[in-house]
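Taken from Swiss-Prot as is:
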type	residues	note
TRANSMEM	36-56	transmembrane segment
TRANSMEM	57-77	transmembrane segment
TRANSMEM	108-128	transmembrane segment
TRANSMEM	129-149	transmembrane segment
TRANSMEM	157-177	transmembrane segment
TRANSMEM	184-204	transmembrane segment
TRANSMEM	230-247	transmembrane segment
TRANSMEM	251-273	transmembrane segment
TRANSMEM	284-304	transmembrane segment
Amino acid sequence: MTSLSNSLSADTGTTSFSPAAGGEVSDFFALLKPRVMVLVIFTALVGMVVSDATVNPVIAAISLLMIAVGAGASGCLNMWWDADIDALMTRTAKRPIPDGRIRPDEALAFGIVLSVGSVLILGLASNWLAAGLLAFTIVFYAVIYSMWLKRATAQNIVIGGAAGALPPVVGQAAVTGHVGIESLVLFAIIFIWTPPHFWALALVKSGEYARAGIPMMPNVAGPDSTRRQIIWYSLVLAPLALLPVWLGFGGWLYAVVGVLGGLGMLAGAVQVYRLREGEPERKAAMGLFAFSILYLFLLFSALLAEQGLGLFRAVAA
């Protein structure tokens, strides 16, 4: 890895960032990728509520906090490692390290302390299975994905997506002490959802990824191949997302959201495949990117309403 205090050159010019004397609290918080932390808390919570167990609210709250901190720690380590390429991309150039607000060594120390602390506290407050799964998630994202896969293969998002899919598994383990079929199904849904979600964005940002040297699918296999793969993943996702209904922990509300959302994903994927030039292409890709977020949110919200709030009953119960 090149020194983060050196100037970074790109084909279009030179970007540099200097070591900061110390960042503000808000800068350190930004290192944690707070938007990702919110999603992690949400999916981990759903992993907890679908479990057939009595949940201790105090342990659940501490566990959610530690899972979120662990996710933030891995995000911090990711930003530390990726600061050189972040400086080359418009959407990431203003992150705390490339913008010079936080020194790389500060970010590294911050990420390590939070990683170790979150795992230890989760183990002591809940159980060591959950702590081990959290540790694996952190290492997988910060080391295997960030330091290896991201810059090595166009399948980076596919394989690396496992890290983003693990929070429901960690959540279930935290409140039950084991990993059940419910959280594994949620893992599979997020895992298959991830490629079409990120590849839609990659179609629009392919130039920036190429400039930063990241082998995203549109730059390696080409836009047309990427569009076809988005359709294939969406075709797999639609029936996969209905598994909770057949397994008895998804009710009629979830079924309706799953069917309509799955059809929406397929329709968006077809639009991305059809519209291949200019502004219509960009709108179709960004439309699918935005809809995929809404789809996953509504899907998991339906489970939360049914299982967590007890508003509905599972159709297969």
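Cβ coordinates are placed from backbone N, Cα and C, and glycine is handled just like the others.
Cβ atoms under 8 Å from those of the transmembrane segment (36-56) belong to residues 63-64, 67-68, 71-72, 75, 167-172, 174-176, 180, 182-183, 186, 190, 244, 249, 297, 300, 303-304, 307-308 of the same chain, restricted to positions at least 6 beyond its ends. Below 8 angstroms of C-beta separation, residues 42-43, 45-46, 49-50, 186, 189-190, 193, 196-197, 200-201, 203-204, 230, 241, 244, 249-251, 253-254, 256-258, 261, 264-265, 268-269, 271-272, 274-275 of the same chain, each at least six residues beyond the ends of the transmembrane segment (284-304), sit close to that stretch. Same-chain neighbours of the transmembrane segment (251-273): 196, 200, 203, 227-228, 230-231, 234-235, 237-239, 241-242, 244-245, 281, 284-285, 287-288, 291-292, 295, 298-299, 301-303, 305-306, 311-315, 317, counting only residues six or more beyond its ends whose CB sits under 8 Å from a CB of the stretch.
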